[in-house]
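Novice: Below are the features listed in TrEMBL for this protein:
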- B:56-283: domain 'ABC transmembrane type-2' (DOMAIN)
- B:58-81: transmembrane segment (TRANSMEM)
- B:87-113: transmembrane segment (TRANSMEM)
- B:134-159: transmembrane segment (TRANSMEM)
- B:165-188: transmembrane segment (TRANSMEM)
- B:200-220: transmembrane segment (TRANSMEM)
- B:257-280: transmembrane segment (TRANSMEM)
Amino acid sequence: MTELAVEAVGLVKTFGRLRAVDRLDLRVPAGTVCGVLGPNGAGKTTAVKVLATLLRPDGGQASVFGHDVVREPDTVRGRIALTGQYASLDEDLTAAENLVLLGRLAGFTIADARARADDLLAAFDLADSATRQVKNYSGGMRRRLDIAASIIRTPDLLFLDEPTSGLDPRSRSQVWDIVRAVVRQGTTVLLTTQHLEEADRLASRIAVIDHGRVIAEGTPGELKSTVAAGSVTVRLRHAEQRERAREILARVLNAEVELDPDPVALSTRIGGTDDPTALAAHTLFELSGAGVPVTDFALGQPSLDEVFLALTSPDAA
Amino acid sequence: MTRPSGTGEATPASPRTGDLETLLLPKDRQPRRATAVAALRAMSWRSMLKIKHIPSQLFDVTLFPIVMVLMFTYLFGGAIAGSTDEYLQYLLPGIMTMSVLLTTLSTGMTINIDAKQGLLDRVRTLSIWRPAPMIGYLVADAFRYTSASLVMVVVGLVLGYRPAAGVLGVLAGIGVLVGFAFAFSWVWTALGLVLDTEKAVMSVSMAVMFPLTFLSNVLVDPDTMPGWLGSVVEVSPVTQLVTSVRGLTSGVWEGAALLWTTVYGAGFLVLFGALTIRLYNRQ
């Protein structure tokens with residue numbers, strides 16, 4: 001049996017009458033990336049704070065590499081690093097000063113902490129802004145610095161709380177690259193996110209949480225297969241044939257067809273099918289036979305978004 | 001790191017994952033846990049850096065004390081003691097104490113802001129000696145208290161203040177004052193961690209500090225007050241502190257006041273120090 005980096009059993013954290021974390025169970029094997037997915041207010045940040053020894057749980061148990069977060073907080077702290085939702089840095093200090101400070105707190109001598117700060121700033125492309133105060137940093141720079149601060153010493157478990165919220169696409173893919181590099185070095189990552197794409201790209205397992213509880217758990221593929229549906233998207237050469245195409249799709253696929261904002265596109269959700277290839281072939285054959293040229297035909301698995309909405313919608317079973 | 005620097009804007013600045021991998025320290029090269037002293041030094045260094053980056057923090061230990069001395073000397077001097085010169089001898093140790101105690105207020109706000117910025121969250125997840133971050137704040141504060149005291153003594157000397165106990169007496173007085181202020185500051189660290197916003201910290205601490213400093217012998221002799229008020233003022237920690245500082249700077253041994261100052265200081269330190277660490281540990 002592989003070692004568990006995180007094990008939470010029946011974890012509860014309440015704030016007054018609000019049960020932010022409500023009997024949460026979570027197991028993260030060492031060396032993997034676990035994505036914790038959930039809408040705003042689902043309890044993701046609270047759960048991370050409990051696991052990172054910042055909040056004391058009101059019930060249940062949680063351990064990090066076998067060490068209880070309540071009874072052995074200092075041992076746990078020696079093995080983790082946390083990158084919070086908002087940059088956990090001193091805004092008034094420069095980037096270099098922040099890293100030197102955290103390096104010294106990590107146990108480096110002053111000289112070593114300086115050298116370490118220089119190396120990290122260079123690698124994260126912040127060397128040019130090393131002497132600027134963090135409050136003048138852009139969101140992307142700040143986040144990079146924040147992650148740099150988390151790997152001053154290599155943690156065994158890294159908590160990333162919504163690491164890319166509010167970042168532009170380029171900064172976001174930089175953060176993803178960094179996370180992948182950290183994982184290749186054997187660090188376990190627990191990542192919270194609202195972006196399904198992010199969980200899909202980084203995480204080997206995903207736990208979907210809502211109202212403080214895990215409502216689904218599995219690989220991205222397993223989660224997608226829990227929703228027995230997919231989609232077909234068609235683009236036509238001639239916009240004026242869209243009505244005709246709609247009739248054909250509705251008949252062949254036996255489903256409600258939506259007209260997309262793009263005047264040549266239309267799409268439909270389809271129920272589960274054993275043979276999507278045959279379905280696609282049949283649909284294209286019918287369109288072609290009716291003289292409706294198609295420029296693009298896509299048969300999609302349900303997106304994680306659909307999975308997410310299906311799982312978290314109020315009327316979900 | 002062979003990459004050229006200064007390519008900033010022209011080329012898309014993406015961290016190279018190859019670099020990143022060499023950057024992660026292997027297990028056998030990790031530093032050992034920081035000692036308590038190292039952690040405390042690092043946190044104190046950080047507080048001193050903040051003074052460097054926000055020099056306006058020093059207004060309340062330079063400008064404010066000067067204004068206080070001038071204002072009270074000339075406003076009350078004639079009325080209370082008959083002459084500003086004579087009043088200054090009585091006032092200066094008191095006004096110095098008052099200013100330094102008012103200076104302690106900013107500690108609570110600083111901590112409150114830090115807690116919101118998230119720096120405290122990061123520091124709290126580090127395996128370091130727990131009180132280090134909190135004491136770190138107060139070390140830089142002790143520097144500010146000392147500066148404020150020295151500024152006021154210098155201003156006083158210019159205006160005609162002549163402490164009878166000389167340099168050593170004045171230094172002893174400042175020592176007791178800064179020591180007490182350090183212990184007293186724990187009230188504000190606890191408050192800074194308890195309250196939601198810095199504004200709330202500000203108003204609560206003002207509401208505590210104003211009566212506490214004015215209802216004392218800082219400005220006037222308690223003998224001139226109505227009996228009941230005089231008795232209240234006599235037991236105030238600020239009165240005991242002012243009496244001690246006055247005694248030390250003017251060469252009069254105020255044993256009882258010094259004892260009470262020590263007792264009060266120790267009380268604040270133990271009670272609010274413990275409360276602060278408790279609040280800091282877990283919310």
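Any Cβ shown, glycine's included, is placed from N, Cα and C.
I'd like these features described in context: how deep, what's nearby, how far apart.
Specialist: Nonlocal intrachain contacts for the transmembrane segment (B:58-81), taken as residues 6+ away from its ends with a CB within less than 8 angstroms of a stretch CB, comprise 51, 87-88, 90-92, 95-96, 98-99, 102-103, 106, 144-145, 147-148, 151-152, 155-156, 159, 219-220.
Counting residues 6+ beyond its ends, the transmembrane segment (B:87-113) has Cβ neighbours under 8 Å at 50, 57, 60-61, 64-65, 68-69, 72-73, 76-78, 80-81, 120, 134, 137-138, 141, 144-145, 148-149, 152-153, 156, 159-163, 173-174, 177-178, 181, 184-185, 188-189, 191-193, 195, 197-198, 201-202, 205-206, 209, 212-213, 216-219, 221, 238, 241-242, 245-246, 249-250 in the same chain.
Only residues 6 or more beyond the boundaries of the transmembrane segment (B:134-159), in the same chain, are considered here, and those with a CB under 8 A from a CB of the stretch are 40, 42-44, 46-48, 50-51, 57-58, 60-62, 64-66, 68-70, 73, 84, 88, 92, 95-96, 99-100, 103-104, 107, 110-111, 170, 174, 177-178, 181-182, 185-186, 189, 276-277, 280.
Here the transmembrane segment (B:165-188) has Cβ contacts under 8 Å with residues 93, 96-97, 100-101, 103-105, 107-108, 111, 137-138, 141-142, 145-146, 149-150, 153, 201, 205, 208, 237, 241, 244-246, 248-251, 258, 261, 264-266, 268-269, 271-273, 275-276 of the same chain, all six or more residues outside its ends.
Away from its own ends, the transmembrane segment (B:257-280) comes close to residues 120, 124, 130-131, 133-134, 176, 179-180, 182-184, 186-187, 189-190, 193-194, 237, 240-241, 243-244, 247 of its chain (Cβ-Cβ under 8 Å, at least six residues beyond either end).
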